[in-house]
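Take a look at the structure set out below.
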Ligand SMILES: N[C@@H](CCSC[C@H](N)C(=O)O)C(=O)O
């Protein structure tokens, strides 16, 4: 009997339970051969067939180039070697095929296979394929005279159409399933039968590296050749490079054997030994890796990321996959919607090694577009729908809890997720180790889902998989559009004309408007709040301040209306008013843009300001609402000017606490500026692929150039002047430009200036709202009179704060400062700065209580007031290594004190503008559905404040400064 002439029952995964049932064994095995016939895969892995003359338990390494004699089995190691024969025999057992070959690398295996192709032959391949495969196919096309076509092999109609077109010229179809890196599934049976029917000579070739023979044996599904990178799961330790070719048909085997001998690409003896040793543990490694990968995929999916993994119920071809494979594998990928965030996540892990390849006992993390798939051009990647922000995770055999700890830490640190404080239930990660272990051991899936439930994806507030998919589509869609534009193709279908920001005259206010609303009708903008890290109050006296954006934002929606009215709806501050445009005080209003580009005037025009103030006298509004109405009307009338009286409905909402010193008024002002500039066609946005993607809270790209950002900032500053009289300009600069910056006012002949702190690292901060109201004006005036009363002391404090700002700038811009030093340096400066602010009399007992709580052991954290002080918010630096359970305890104690803490990352994107939208927006809105689109404006007004970012993301593609 032929040793390879038996079939191996599948063991792992859904199709067959892992356990070996005694009952499934033959009741009366008649011989040793019969018993061996029933061995499961794991048993075969562990039992190599040795024909060694001394009965060596481990296959010896025949480290020799030549063999003596004339008629022996071997003459020259290029042509054959006993160690390689032992390996190839073992591989044939595992692949349940007649012949297997071991070559130097996976790419060598593919190269040998592609040598079966002749000029003029047609080769079909998928669109999502490994970068090295794409490179070799491109070479075959450009240098080898073959015709290579890429198509979605999982779309039956497409494959049929191409096969009909090329007919018998099709000589090879190259399939990956699951694909690398998007984990798409191709139906191997379907493809094999269609291809063989259309072109009987064509070879169906499957790259089985993602699965290994343990999970998938494509020769049993109709494929002609299987190849596998032995560097991955087969060897499992990343200590050897190898490639495997497995075939069933004799004539194909002969051609492959000829090519390997001719090219001298057979695997060297030492490497054969290493691969043989790795194979022994293949099944147990894979079991562990697959199980952990499932948990990791579930975790990310529960957090709201779009996860590509065939083991998830959400995978569109999960059933097809389990119809041909016995498990989901241990590679998964997911998108974050933002390249910067992905880079931070990848760079922030410790246990997950940043590396290409997969299948190793150690877990790896990578960004395919710049690593394994970098050989595919950016244009091609975009055309094929490969997101630049994609992260690939290759799960190893480490303890799943450590892998999750490390990933979670990096997700938090990068700002991609944040801890939820709105949950009453017990945390899944209790402070004592024992209960966590019990949950993990008893029900790992429950453990992981509960654990993920403690967090939410930033900007997505716990949204589900479907929304994340929308995000991915919109991100890729924008990228493809950019590439098309760059290549000179026309804009995306149905989107022409949207980039100018022109508004149509349709009345989008009508709730009966039935089709999906678009950017033609809707202007949607958003801007972040800010935290002042150093130099508040002192900035008023010419000292440098350092501020950064935070991931809490205000949003504004503006739609044009044909009825000549201006309506304002700012529910968070109680402003709801509507006027006929002609009743506004146009007669006494002379302010206008300073140039024809529409630049904002540097100062308020007193007569125009007085006219609007008079118009709003006795408006019955509270002071905040009154100031906002004043600012909106002033900006509207100045930009629009007398001639352009465009009707509009303006609505603004805030996810940012108002009046807490987090820059809500500047965030509102920036939204006012951008929305009205858009209304009057003064602001163009165009997604660009030139610069980096925006460090956006939701899917988006840079697309607002610096000149336009300056334009928006100018008008935002003007609106801030209406509201505050004499603002520093730092808040609106951060709200518009995002990131972090150092700022100083021009004073006493000394020029002021603003510098972006590019080296700003994403650092976690806890912002704690004391909920104590205060008056910024009074506090600023208080500091001024203190300085007047004791100028020498005032000067000393200002000099000290300037020194702090300088040292902080040095730390934040230092290219190679170790992160630990950065954090400890900033911590000391925070404490120092607070002491000076306290000396200036702007602290408050509530702020001091927060300092006491956060500074107490075991936390020992540094906290300062931020903004005006006298209440408002405190900011606490959270070191990277602070255990999550401890952080949670701290947060809980602050909540118990009646404060409202927000865990935030700083330094993210600035102002955002909805660039294009083509779908209904709020699937959760009452009555919404596929055929009942809720207009954007209505949905915007109704959506819960906590879901604003989720909602905004769903509206379409955004561009950011
Ligand atoms: N620099 C290498 C990249 C190898 S990627 C290896 C592996 N197949 C993966 O998917 O990670 C190259 O250009 O080939």
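Note: Cβ is positioned from N, Cα and C throughout, glycine not excepted.
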Annotated range (TrEMBL: region 'Disordered') out of 487-518, 519-550, 551-582, 583-614: 487-518
Range annotated as region 'Disordered' in TrEMBL, from 1-34, 35-68: 1-34
Residues in the domain 'GHMP kinase N-terminal' (647-736) grouped by DSSP into helix, strand and remaining coil: 42 helix, 10 strand, 38 coil
Secondary structure content of the domain 'GHMP kinase C-terminal' (823-889), with strand meaning DSSP E or B: 34 helix, 9 strand, 24 coil
